[in-house]
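S.K.: Below is one structure. I have some questions about it.
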């Protein structure tokens, strides 16, 4: 007799007359237990205990990552302008940087678009929401995230190429880099969209419990692990070159500078994503959200 209802936090499924249903508070609420010193009830009649804390948590989270992405977008547009305006900065390395910065811009814009379409109206019932706009927003968001990870991978591949192929022109590789950075994510998202349309076309496709989420997650994990291996290999090669007695003093100074810049590239390599790469989506939700949304927005 009860209709399916969205209360702003959880989706309450329909139940027959005379029956009741309990929905547990989301995992994230253990953060507030210590400060309140009380057990948080999970019975539907006491849902108001859960909702205010949950809502304030996500409001704070949204403010933090909105500030992060806004700051990043301003810095990224400035960086691209500098690279584009000065002729002396036109080279393969900076072309790759521009593509990389563009992927960050797309990721920030995609977050704002997704928030606007999915969460701007609190009266929207997320249990039944399944519009073309919300699905398109999620598809664009997934493409932006994938492109960002694969341009992270390209940055790592390019740095390794510089160290391995010292006397080889890097211009002939640029189109391969572009194909990897933009092409692989496009192909992956197209496969994911077709799969969802045919086999799991419900909601706004923003659920991570679906088996088809692995169509997106597997390529991301692949990019993270390959980039991590590249990072370790680059660090090893730099250490070998610095310790080598066959190179002159000037070359040692050059490799020392390259080593320092490589250590600064740890966040850009995405090495920090290794922390949660193998964890299921429902493990350490609060830490994951802060790490990926807040920290990632300033990356």
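Every residue gets a Cβ built from N, Cα and C, even glycine.
The domain 'G-protein coupled receptors family 2 profile 1' annotation in TrEMBL covers 1-89. Sequence annotations record features per position, and here TrEMBL assigns domain 'G-protein coupled receptors family 2 profile 2' to 61-299. Annotation comment: TrEMBL describes 63-84, 96-113, 149-167, 174-194, 214-234, 262-279 as transmembrane segment.
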S.K.: May I ask for the residues of the chain that lie six or more residues beyond the transmembrane segment (174-194) and have a Cβ under 8 Å from a Cβ within it?
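M.R.: Distant contacts of the transmembrane segment (174-194): 92, 95-96, 99-100, 103, 139, 142-143, 146-147, 149-151, 153-154, 157-158, 212, 215-216, 219.
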S.K.: Sequence-remote contacts (6 or more beyond its ends) of the transmembrane segment (149-167), Cβ cut-off under 8 Å?
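M.R.: Contacts with the transmembrane segment (149-167): 93, 96-97, 99-100, 103, 173, 177, 180-182, 184-185, 219-220, 223-224, 226-227, 230-231, 233-234, 237-238, 241, 262, 265, 268-270.
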S.K.: Over the span of the domain 'G-protein coupled receptors family 2 profile 1' (1-89), how high is the average pLDDT in this prediction?
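M.R.: 71, rounded to a whole number.
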